[in-house]
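Presented below is the structure to which this report refers.
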């Protein structure tokens, strides 16, 4: 497999493929029969084609959650001491955590302006996911489409039974079938390994700390000059300082986990489909096309960059491939660089003996 960064522009400039409006009944029946046959014949461990457990990913997720849990306890204790109200802290923190965990799928779809679609509306998308879920032996998630020219996809939800996989119209329009399969397999891997839920919960601490910083900052701005107000200002300054430190630590840990989980999902997707080159080609197309997307679509996606198949560029002209970034910038990045992902897929292609 030879897919390098030099091919980003040529692949992105290639004619885009329009998804067929409807699949023939025979084609859909054939795809379903193939999936059922593969599943029924998968009796030996060697013949089974499912997402294998990723122990390194599991260890990293457990480690990050444990460290963030310790940080969370310390942060909550400090807030109780400073605000002198354990009930207030528990109610606010518990309410925010519960809402983010239980409604993460709905919030993500709302923010990305996605809508759930049926098999009749999007037969190509449903057919591909049906086949991949049969191969991976996993429940089929709800499927949604976001009307955006930005070619991308994401998965979210608290578990496999309450997950949703969303793709953009820009992705469907640009991907060939094997490339679309690769992207969908990547997102299904996130669901199967439950790292979507882990990232959702892990990011809560950063959200809470960021909220505390904003509340403390605005409280200081509107405070008066009396003695009581001065004491309140000092209290809010302490809250801001502690919250900022917690936010910085959680930010770095979550970004490190996010980068690794993308490489893990790339590996699992390539192993499931048996076509690392298709995933590499999809990455090149998505990254190359993202630099020419309208600012409006980019702004919507940037807030959810950690959940996307490829990172949303910072603005028009930025291809989002991570090339030219400083070491510090890469430390804060949600995804590995494009070349890092392509190199990993090339090694995997060699290991799998892909022609």
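Note: Cβ is positioned from N, Cα and C throughout, glycine not excepted.
What TrEMBL records for 187 is active site. Annotation for residue 187 (active site): same-chain Cβ neighbours under 8 Å, separated by at least 6 residues, are 153, 154, 155, 165, 265, 309.
As annotated by TrEMBL, Zn(2+) binding site applies to 186, 190, 262. DSSP assigns residue 186 (Zn(2+) binding site) to a helical segment in the three-state reduction. Around residue 186 (Zn(2+) binding site), the C-beta neighbours below 8 angstroms that are at least 6 residues distant in the chain are 153, 265, 266, 268, 269, 279, 309.
Feature annotation from TrEMBL assigns domain 'Peptidase M48' to 121-347. A mean pLDDT of 82 is what the model gives for the domain 'Peptidase M48' (121-347).
Annotation source TrEMBL lists region 'Disordered' at 1-23.
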Residues that sit under 8 angstroms from residue 190 (Zn(2+) binding site) by C-beta distance, when 6+ apart in the chain: 155, 196, 261, 265
Cβ contacts of residue 262 (Zn(2+) binding site) (under 8 Å, same chain, 6 or more positions away): 334, 335, 336, 341
Additional residues around Zn(2+), ordered along the sequence, whose Cβ is within 8 Å of the centroid of 186, 190, 262: 155, 187, 189, 261, 264, 265, 266, 268, 269, 309
